[in-house]
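The domain '6-phosphogluconate dehydrogenase NADP-binding' annotation in TrEMBL covers 5-62. Sequence annotations record features per position, and here TrEMBL assigns domain '3-hydroxyisobutyrate dehydrogenase-like NAD-binding' to 72-183.
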Amino acid sequence: MSTGLARRAGAAHAEHGVGYVAAPVFGRVPVAEAGALNLLAAGEHALLDRVQPLFDVIGSRTWRLGDRPEQANIVKILGNYLIACAIQSLGEAISVAEGAGVDSGQFVELLTATLFPGAVYTGYGSMIAERRYQPAGFTTALGRKDLHLALDAATEQGVPLPVGQLLRAVFDEAIANGRIADDWAVIAEQQPR
């Protein structure tokens, strides 16, 4: 959800005397099923307190990010922007490693065991090394949508995102190549391999 839409939703709720909080999440379906989501929450403190029991059931942590709902949305958008940047850099590095004759699986294992441990590099690195983009956990279409939301938010703040501009072209190319329903890690395939 864009920050502008979040502001409009907050205003519409206020017009009707109804509170509004935003609580996008980090975590895919298995994380949700385990009740281990990270909730990015923002809104009036009293309203957040009221819904905290629900957050406690579905998440492992609630990150209270401010009193304006759009603050939660911008954090979600920027988190996804950083994932897209990581996917692109992984694709580039794996392409160079493969070109030099290095096994891509071993390369990803080395990186994620040493320099870059964590779900993003481990999960997407393996997908890229194995060229496995189905089933899609987050489609290329959704990735492009969130990239555009990040670019719009940055423009609103007067902050240039030069890497984001490059990624826009990469996403557009992947979609033009028919990869719209694949996992967004497929943008790595736009690199020569």
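Glycine is no exception: its Cβ is also placed from the backbone N, Cα and C atoms.
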Structural state census, the domain '6-phosphogluconate dehydrogenase NADP-binding' (5-62) (DSSP three-state): 30 helix, 13 strand, 15 coil
Confidence summary (mean pLDDT) of the domain '3-hydroxyisobutyrate dehydrogenase-like NAD-binding' (72-183): 97
Residue distribution over DSSP helix, strand and coil in the domain '3-hydroxyisobutyrate dehydrogenase-like NAD-binding' (72-183): 83 helix, 2 strand, 27 coil
